[in-house]
Amino acid sequence: MAVVPYKDQNEDKKSQVATMFNNIAGKYDFLNHFLSAGIDIIWRKKAVSLLAPEKPKQVLDIATGTADFAIETLRLYPDKITGVDISEGMLAVGREKLAKRGLTNKIELKYGDSENLPFGDNSFDAITVAFGVRNFENLEKGLAEMHRVLRPGGTAVVLEFSKPRSFPMKQLYQFYFKNILPVVGKIVSKDNAAYTYLPESVQAFPDGQDFLKIYQKVGFRSTKWHSLTFGISSIYIGKK
């Protein structure tokens, strides 16, 4: 059974995830940086640095949210970055951010479903996803769509939460995720479910080698996995 934000509702996961991010869009960036003590910024920089040798010209950022990862990817000097997301609320925050920084000619944000991407085959040199694949309703279908729109020889980079497995980080992580993060997230975001869903979805997500197996199943090759910050998050790389 899929992990969903609002257990008392009958909507599918995709609809619930969109609603959740619409609800927390205005507080999302603050909570991201605050609850991770700014480490999420370091993780994004690391993910982008791993993509640097590819020198991609056309980049697709899936589950772009407020465009933080897309903005970070500008360090690679691509010709264009396209960001897609199913939350109009998050996209609105992202567009405002881009406008303030004068980046609307560099990054285009549009509504798009990761499992039914509105692009032709072989359209992008690189694909990035930060903290998004965990929210896919059908993980395999979403990854297959990424593979479809990626050009032959292109690279997909996925940054996602994972589960520490060594003492004492495992115990500290579980305590923080289950007891502190949901309380702070609820108070700041005003959404009772969003930051309870986060640890539940991380717990259910197939991380590490399990994720690489799915990556490979949909067609990615030369797959690699980098563990970050004692296993709190991971970067997955695959080529087409």
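Any Cβ shown, glycine's included, is placed from N, Cα and C.
Within Asp40, Asp79, Asp85, Asp125, the residue that TrEMBL lists together with Thr66, Asp113, Ser114 for binding S-adenosyl-L-methionine is Asp85. Ranking the binding-site residues Thr66, Ser114 by C-beta neighbours within 10 Å puts Thr66 at the top. Sequence-distant contacts (6 or more apart, same chain, Cβ under 8 Å) of Asp85 (S-adenosyl-L-methionine binding site) comprise Phe21, Ala63, Thr64, Gly65, Leu91, Gly94, Leu109, Tyr111, Gly112. The C-beta environment of Asp113 (S-adenosyl-L-methionine binding site), restricted to residues of the same chain at least 6 apart in sequence and closer than 8 Å, consists of Lys14, Val84, Ile86.
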